[in-house]
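In TrEMBL this protein carries:
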type	residues	note
DOMAIN	47-233	domain 'Dihydroorotase catalytic'
BINDING	HIS58, HIS60, ASP150, ASP303	Zn(2+) 1 binding site
BINDING	HIS60, LEU61, ARG62, ASN92, ASN276, HIS307, PRO321, GLY322	substrate binding site
BINDING	ASP150, HIS177, HIS230	Zn(2+) 2 binding site
ACT_SITE	ASP303	active site
Amino acid sequence: MTTLALNNVRPYGEDATNILIDVTRGVIEAIGDKRFDDADEVIDCGGNVLLPGLVDMHVHLREPGREDTETIATGSDAAAKGGFTAVFTMANTNPVIDQPFLAEAVWEKGQTYGKCDVYPVGSITQGLEGEQLTEIGLMARRGVRMFSDDGKCVNDPQLMRRAIEYAKAHDVVLAQHAEDHRMTSGAVAHEGEQAARLGLRGWPRVAEESIVARDAIMTRDYGGRYHLCHASTEGTVQLLRFAKDQGIEVTAEVTPHHLLLTDEQLKTYDGLYRVNPPLREARDAEALKQALLDGTVDVVATDHAPHGSEDKCVEFEHAKPGMLGLETSLAVVHRVFVETGLADWRFVAKVMSERPAEILRLQDQGRPIAVGEPANLVLVDPQSPWTARGEEMASKASNTPYEGIEFSARVTATWLRGTQTYGAQQD
Ligand code: DOR
Ligand code: ZN
């Protein structure tokens, strides 16, 4: 048995302890007050915070089709650097992940590379065209756990009803990108004062909220595991609260950028800030924060969306929507919740690891830091100032909205089943 000791570490930011990992089996072997100095590899963690490996329900790794902007390999590097041990990569690739063999290829590439478990998301409609449902059952049988047309909304209510029914029959998660496209044609920014001042076409809140309301009612009547991608408005929060109060089983995510940034950013017309759904107003960000704190919104998901400079360093209206997220999300969540005293590291573990693993029913992720549990772990130094720089990211793209921003929490190491996937090798 090969062993690794993580000495002087603080699980969930609580009391310092020592952890011994059986690297061969990839599980936590022992936890105790005495340092494990005889392990094959011994790391003194200097009292840093240990969390279960993070799980991201929503990324875009662009393979197949746009390997010039990200690949499963570079995306896995970015994920490991951000503290993630599992990610779900969306189906809006080229070709679209709408058949079992395509989904299997994504999973296998991720496993071969070995830095992060990359779960494929299957599309709800063939080619994301919003017309014909995919073979949800066939893909589900081959292990696809979540289906989404993300990037596009399943607008047609009859089609959505069928999708909900099929997803229920196959017991998979259906994730909706809520945007009534009939209200957002040509829109590039949140519809409000800021867009009006800047002369940008607006994307009103109601385009999201009307779909959320409809889908909540459909979920009430037709069942299934409905998940809302990137909730972005105060009204969406109210609707989710209403749905949950009625006992409707919906889950929802919020992105780090919708928690920290607002449409104030748009004043420079920098395409880096174009994203879908758009950055909204302070009151939306505030409502989303409260919703995550009280469980109305379940998880943080990055919507990591790499784009090349040819698609970002252009006029705002021509910039493609999307922002990098994997390498900055933990730092942003730390800034918004931990630094401010709104929440602790237990909360971070819950919304970035435990809840997403639970929603996707991953047996080996988001587990407690305890003996016998899988050694999917991330070590975080809460006080190690660093500055976000797109050029320095492991991601192939560099479209971070946090360029030049200083953060204090830094991921120092990540382990997937006991194998280090990120961080300086120590002896
Ligand atoms: O900003 C976004 N970018 N939102 C989406 O829904 C899709 C994504 C992408 O694929 O670039
Ligand atoms: Zn989306």
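Residue 1 is the first one shown; counting continues down the chain.
Note that Cβ sites are derived from N, Cα and C of the backbone, with glycine treated the same way.
Nobody curates TrEMBL annotations by hand; they come from automatic prediction.
On the structure: features taken from TrEMBL.
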{"residue": "HIS58", "record": "Zn(2+) 1 binding site", "Cβ neighbours (10 Å)": "28"}
{"residue": "HIS60", "record": "Zn(2+) 1 binding site", "Cβ neighbours (10 Å)": "27"}
{"residue": "LEU61", "record": "substrate binding site", "Cβ neighbours (10 Å)": "34"}
{"residue": "ARG62", "record": "substrate binding site", "Cβ neighbours (10 Å)": "27"}
{"residue": "ASN92", "record": "substrate binding site", "Cβ neighbours (10 Å)": "21"}
{"residue": "ASP150", "record": "Zn(2+) 1 binding site", "Cβ neighbours (10 Å)": "25"}
{"residue": "ASN276", "record": "substrate binding site", "Cβ neighbours (10 Å)": "21"}
{"residue": "HIS307", "record": "substrate binding site", "Cβ neighbours (10 Å)": "25"}
{"residue": "PRO321", "record": "substrate binding site", "Cβ neighbours (10 Å)": "19"}
{"residue": "GLY322", "record": "substrate binding site", "Cβ neighbours (10 Å)": "22"}
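In sequence order, HIS58, VAL59, HIS60, CYS229, HIS230, THR255, HIS257, VAL275, GLY322, MET323, GLY325 make up the list of same-chain residues 6 or more apart from ASP303 (Zn(2+) 1 binding site) whose Cβ falls under 8 Å from its Cβ.
If you compare Cα positions, ASP150 (Zn(2+) 1 binding site) sits closest to ASN92 out of the binding-site residues ASN92, ASN276, HIS307, PRO321.
Closest to HIS177 (Zn(2+) 2 binding site) in space, going by CA atoms and restricting to the binding-site residues LEU61, ASN92, ASN276, HIS307, PRO321, is ASN276. By the rule that a residue counts when its Cβ sits under 6 Å from some atom of ligand 2, the binding-site residues LEU61, ASN92, ASP150, HIS177, PRO321 yield ASP150, HIS177. Every protein chain considered, the tally of other Cβ atoms within 10 Å of the Cβ of HIS230 (Zn(2+) 2 binding site) stands at 25. HIS58 (Zn(2+) 1 binding site) carries a strand DSSP state (E or B). Among the binding-site residues LEU61, ARG62, ASP150, HIS230, PRO321, GLY322, residues whose Cβ is positioned under 6 Å from ligand 1 are identified as ASP150, PRO321, GLY322.
Reduced to three states, the DSSP call for HIS230 (Zn(2+) 2 binding site) is coil. HIS177 (Zn(2+) 2 binding site): 23 other CB atoms within 10 A of its CB, across all protein chains. When averaged over the domain 'Dihydroorotase catalytic' (47-233), pLDDT in the model lands at 98.
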